[in-house]
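Undergrad: Pulled from TrEMBL, these are the listed features:
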DOMAIN    37-286  domain 'G-protein coupled receptors family 1 profile'
TRANSMEM  20-46  transmembrane segment
TRANSMEM  58-82  transmembrane segment
TRANSMEM  88-116  transmembrane segment
TRANSMEM  136-158  transmembrane segment
TRANSMEM  193-217  transmembrane segment
TRANSMEM  238-256  transmembrane segment
Amino acid sequence: NGTSVVEFILLGFPGTWQSQVSLVVVFALMYTVTVIGNVSIIALVWRSSNLHTPMYFFLCNLSFLEIWYTMGVVPKAIGVMLGTSQTISFSVCILQLFFLLSLGSTECFLLAVMAYDRYLAICYPLRYSSLMNSVLSVRLALSSWVGGFLSISLLAFLTSRLTFCGPDVINHFLCDIDSCLALSCSDTWPVELATFLVSIIVVVASCVVTLVSYMYIISSILRIQSVHGRKKAFSTCSAHLSVVTIWYGSTMFLYVKPSAQNSLDLNKIVNTFNTVVTPLLNPFIYTLRNKEVKLAL
């Protein structure tokens with residue numbers, strides 16, 4: 001890989017040993033609840049025939065993604081905070097970066113697909129079952145996974161070609177693009193340009209699809225005469241809208257920018273929200289106000 005640095009040191013979060021232990025407990029609890037919550041959603045949809053619909057199929061894909069997303073972050077972060085696993089090899093660092101960014105891109109595509117699914121369900125309720133059939137839903141989900149991983153391949157390759165000649169300390173609990181760019185002693189312009197272009201293609205494009213879908217959804221809901229009908233229609237997409245707002249807000253802050261920013265401490269906080277908090281909230285957001293899921297449970 002042309003580097004003189006063979007491993008990096010992850011700093012994690014600053015603070016005393018007591019604060020580190022407190023963070024470890026919080027991370028461990030959130031990790032446990034995230035895995036149990038998302039596995040429960042998958043098992044519930046699998047066992048309940050009433051939930052064998054495209055919406056819950058996409059939700060299962062999202063839950064499966066969230067399990068791997070948090071597994072790629074939290075165990076290593078706990079080791080960093082405890083001081084038992086603060087080093088990470090260059091190859092594993094690039095692998096973690098590729099893994100997390102690919103899953104993040106896949107989530108962007110899945111959320112856009114779910115918005116399109118809700119658009120068809122609300123705007124074309126009588127034709128929904130024929131428009132969004134099982135074949136199309138499988139193709140859309142598969143395209144999201146393939147597109148998410150392919151879109152990050154070039155970016156990960158360019159990052160692996162960067163030269164690192166010291167220092168080798170990453171002010172983070174994971175390997176991300178900004179940290180690698182900050183430590184590299186070679187020209188980072190190609191990676192920064194690739195990061196910006198991929199962000200525009202993945203994040204902004206999927207966000208536009210989501211926004212356009214919701215513009216049609218809201219317009220269709222407002223044309224419903226009864227208040228009860230409007231509430232019922234909006235309840236079918238309110239959970240997804242909440243997840244979209246949380247996810248795209250933090251993702252755009254992290255990646256949609258023309259160059260790497262020096263606010264690594266702030267990026268660390270936003271990354272915590274993106275990789276730990278959001279996967280924890282998704283199961284609760286999708287189930288607490290969902291009568292079908294409560295009934296199946």
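Backbone N, Cα and C define each Cβ position, glycine as well.
Structural setting of the listed features?
TA: Within its own chain, the transmembrane segment (136-158) has Cβ neighbours under 8 Å at 54, 57-58, 61, 94, 97-98, 101-110, 113, 116-117, 177, 190-191, 194-195, 198, 201-202, counting only residues six or more beyond its boundaries.
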Undergrad: Six or more residues beyond either end and a Cβ under 8 Å away: which residues meet both conditions relative to the transmembrane segment (58-82)?
TA: 10-13, 20-21, 23-24, 27-28, 30-31, 34-35, 38-39, 41-42, 45-46, 88, 96, 99-100, 103-104, 106-107, 110-111, 113-114, 117, 137, 140-141, 144-145, 173-174, 275-276, 278-280, 282-283, 286
Undergrad: Quick test of the contact rule: Cβ under 8 Å, at least six residues beyond the ends. What residues does that give for the transmembrane segment (20-46)?
TA: 12-13, 52, 56-57, 59-60, 63-64, 66-67, 70-71, 74-75, 77-78, 81-83, 276-277, 279-280, 282-284, 286-287, 293, 296-297
